[in-house]
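Undergrad: Please see the structure below; I have some questions.
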Amino acid sequence: MPIKIPDDLPATSVLEAEGVMVMREADAVRQDIRPLRIGLLNLMPNKVTTETQIARLLGATPLQVELTLVRMTNHVARHTPADHMLSFYCPWEEVNDQRFDGFVITGAPVERLPFEEVTYWDEMRRVFDWTQSHVHRTLNICWAAQAAVYHFHGMKKYDLPAKASGVFRQRSLVLASPYLRGFSDDFAIPVSRWTEVRKSDIPADSGLKVLVDSTETGLCLLDDPRHRSLHMFNHVEYDTTSLADEYFRDIQVQPEAKVPVNYFPGDDAKRPPENRWRSHAHLLFGNWINEMYQSTPYDIERIGKV
């Protein structure tokens, strides 16, 4: 089934060209089914790129999805045109009386700051608390995952000696988890971060389950049943060229920046990278949506009440 997004969103033409089924708003209202309402709180600098990445993964599932783009209320995006934000994004304070089957919160370029120094941290804490009463399933990515386990479980983040950048092997630890249905025993996904949270800091009484980790880069995916959340510490949603784009940006200001590990063939940045994580990205999002669909109430107003 297709994903329902605004007709004029730049992602529409990109996804249609890739063969992703995109449903126009006028067509969606003619289908006599309730679509899954999923919100995307997009904290990444390039909003258009990230919204396209997430919409691509949501749109590949067999259920109709209605995507709502959300921004922090008072934070001004500096790398995305103001007219795009005005046309397609809702401030969180304007949607926090609504209910969502699913809610995705992205990474953010603030991970080297203490959480309390992030300008929108107070609102971020309110968002996390709001998900417990207004959202059925939440997926936190990279910085948002670190922020969520800090908020809910008091888990600190630690600076890494150098940026972890590349495509790293991961181990599936709980293949019986519905979120890992179809996963290989090991697989590779992109990592791009300066900080980490540690398995040794998981509180014994937290209910957190480590689903995926890496001997090189540590925690990858945590299941948080008590908060109906998944915490993905890496960037499974990245495009083929995302790490390359970051690398070429970084060397403009830091010429000694290292080439992403296991990414360019032969570690030669002049050669085009290959995507080795696409299938697992689709599996994760598909499994997450399936679990959401199986358990969310048909009457969306009952979310948070049952």
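Here the Cβ of each residue, glycine as well, is placed from N, Cα and C on the backbone.
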Undergrad: Need one residue: from LYS157, LYS163, LYS209, LYS270, the one Swiss-Prot lists with SER192, ARG249 for substrate.
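TA: It is LYS163, as the record lists it for that site.
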Undergrad: Whole-number answer please: how many Å between the C-alpha atoms of GLU237 (active site) and SER192 (substrate binding site)?
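TA: Distance (Cα to Cα, whole Å): 12 Å.
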Undergrad: Counting distance between Cα atoms, which of the recorded positions GLU111, CYS142, HIS235 is nearest LYS163 (substrate binding site)?
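TA: So, of the listed recorded positions, the one sitting closest to LYS163 (substrate binding site) is GLU111.
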Undergrad: In sequence order, which same-chain residues at least six apart have a C-beta under 8 angstroms from GLU111 (site 'Important for acyl-CoA specificity')?
TA: CYS142, TRP143, GLN146, LYS157, ARG193, TRP194, THR195
Undergrad: Using a Cβ cut-off under 8 Å and a sequence separation of 6 or more, which residues in the same chain sit near SER192 (substrate binding site)?
TA: CYS142, LYS163, ALA164, SER165, ASN234, HIS235, TYR238, SER242, LEU243, GLU246, PRO260
